[in-house]
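Chemist: Residues or ranges marked as transmembrane segment in TrEMBL: 23-46, 58-80, 100-118, 138-156, 197-225, 237-258, 270-289. Annotated domain 'G-protein coupled receptors family 1 profile' per TrEMBL: 39-287, in sequence order.
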């Protein structure tokens, strides 16, 4: 039996044997990743270069964009390299680092989704008091709390996983998720599994409860809007937000909010694609690029860029 000192790297074995299928996945995932990063960079650039977007709502959205870039980058580049490369290994330190940042950034996302739902609640249900309640100081504290709270909450479980002895080198996944990593440990991991379950349940379910409550109040307020056009516009916005939120919550609940982390790893792989690839792609287009003010600023920015190009030519 091996131990941690002898296991210097892991081999990721959850890749299709058929080369054509791996090429197909690469062709699909590469443009998806590129589009995700590009879309989110555009949101960040527009927010921090235009005074009209430097308000709490758009600052929170730019944080979500930054988070989505980091979140998908933790997994996707290594996944793409393994799809076409002969070598499908990851160093022990790289594996633990990937595990930590995957859960750290995932935790940030759920806390940030709750903050965003609160921002939407105040904007729709108490528009006159919005600038007082969601002032710059409150916005900064909320965003900072998301990142610091997530950093601290994931630190202890990661230290516990790092100290485990490992007997096997093969991880049955396409990245270092917690369940397949615990499967190759030499010791009983029941305690760590329970800690991960409790932390995941606390973060995801509390965020879900808060978000659901906020959108319940938002929908009840929308129903009081007398204008049919106002109804449609508000419901369209809410429906798109709820769709993305539902994908994020449902996939994570089925994977992480369960006591036994070794159950149904095949389903976990499908859910992981939703979590790390699909959701970061949808977020900028649902939350930001459908927004009227963001579209207006984007149009003005593109016109300025085109004018500069035409002048130089």
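The chain as shown is numbered from 1 upward.
The backbone N, Cα and C atoms fix where each Cβ goes, glycine too.
Since we're looking at a predicted model, the values are computed, not measured.
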Chemist: Using a Cβ cut-off under 8 Å, which residues of the same chain at least 6 positions beyond either end of the transmembrane segment (270-289) come close to it?
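Modeler: For the transmembrane segment (270-289), the list is 29, 32-33, 35-36, 39-40, 42-43, 58, 61, 64-65, 68-69, 71-72, 74-76, 102, 106, 116, 173-175, 177, 240-241, 243-244, 247-248, 251-252, 254-255, 295, 298.
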Chemist: Going along the chain, which residues at least six beyond the ends of the transmembrane segment (237-258) come within the CB cut-off of under 8 Å?
Modeler: 106, 109-110, 113, 117, 120, 178-179, 196-197, 200-201, 204-205, 207-208, 211, 215, 218-219, 222, 267-268, 271-272, 274-275, 278-279, 282-283, 286-287, 290
Chemist: Run the contact check on the transmembrane segment (58-80) against the transmembrane segment (197-225): 3 or more C-beta pairs under 8 Å, excluding pairs closer than 6 in sequence.
Modeler: no
Chemist: Could you please provide the mean pLDDT value for the domain 'G-protein coupled receptors family 1 profile' (39-287)?
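Modeler: Mean model confidence (pLDDT) across the domain 'G-protein coupled receptors family 1 profile' (39-287) is 86.
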